[in-house]
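Enquirer: Have a look at the structure that comes next, please.
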Amino acid sequence: MQQDRTYRHHGPEVSGWFSEQLMTGKIPLTEVFVDVENKPSPAPITIISKNPKTTRKSDKQVQTDDASSLLTEEVKAAINSVISAVRRQTNAIESLEGRVTTLEASLKPVQDMAKTISSLNRSCAEMVAKYDLLVMTTGRATATAAATEAYWNEHGQAPPGPSLYEDDAIKAKLKDPNGKVPESVKQAYINLDSTSALNEENFGRPYISAKDLKEIIYDHLPGFGTAFHQLVQVICKIGKDNNILDIIHAEFQASLAEGDSPQCALIQITKRIPAFQDASPPIVHIKSRGDIPKACQKSLRPVPPSPKIDRGWVCIFQFQDGKALGLKI
């Protein structure tokens, strides 16, 4: 029976081998034929019958390992794809940030042009109003004021071409109840007068801020935290309070154009502009001398009875204990 199993499982080659081994005595009969009454040892059968099962399990394990390996490769490929996409997005974002920064830098001059455009706008409005009046009141010498007035009286309007007439004369005629001025001329004069008044009221104010003026002057000064830097802050503060920042700016630029140094230009501002004449320097409250910039330490002096800005006194440093030192240039 065992031989049949062996034959079934292993084929005729193995069966012939067993026969040869039995005939030569190399395999004892006691190991092959077992008494039916005695329970046969299942070891040979177990070994022979379980070998295919073990092979199947091994095959399944190999298949499982292959599937896991394939899944791992797919996961790795997916992760690499995601990493590549994230890198591309990061590069695109960095490129966009660079372009936005470049665009901001390019638009900065346009923003700075706003003040110039505003100034041109009001200048053009005033120029148009003056031109309307100019066409009606000035021109060829042959068209005298008397001829123009005669034309007014006859036709009730301004002559078609330019004519000579002074601005003050029109103003006097408008105030005169008996004066005859054409409606078109009157309207042109009113437009010019209202435009001039509007410019003086709305555009006569500083077109530069205290911060901008401070930065402009700082760019011309060497070092940092010097007595002249302190003077710039004082000048800008007083200029803002007195609404004269544009005058200070013009005076500073004029001094530089004349060849003066920035320090000399600042001193000239304190001496030429009335707001600084006989003006007392501001008081700066500090805790100790260490709060004063190092560049100003050598310019500290005892405070005189009546310090003035136009005499070189920039500010007064007031300590907590009541003592005071003046910054002198």
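Sequential numbering from 1, following the chain as shown.
Even glycines carry a Cβ here, placed using N, Cα and C.
Marked as region 'Chaperones the nucleoprotein' by Swiss-Prot on the basis of experimental evidence: 1-49. Swiss-Prot lists 84-108 with the feature coiled coil, giving sequence analysis as the kind of evidence. Taken from Swiss-Prot, the feature phosphoserine covers S194, S306, and the record attributes it to similarity to another entry. Swiss-Prot lists T195 with the feature phosphothreonine. Annotation source Swiss-Prot lists domain 'VP35 IID' at 204-329. Taken from Swiss-Prot, the feature ubiquitin cross-link applies to K298, supported by similarity to another entry.
Where in this structure would I find these features, and how exposed are they?
Expert: Taking a C-beta cut-off of under 8 Å and a sequence gap of six or more, K298 (ubiquitin cross-link) has no contacts in its own chain. Under the three-state DSSP scheme, K298 (ubiquitin cross-link) falls in the helix class.
The Cβ neighbour count for S306 (phosphoserine), using a 10 Å radius over every protein chain in view, is 9. Under DSSP, S306 (phosphoserine) is assigned to coil, being neither helix nor strand in the three-state scheme.
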Enquirer: Per DSSP, how many helix, strand and coil residues does the domain 'VP35 IID' (204-329) have?
Expert: 63 helix, 17 strand, 46 coil
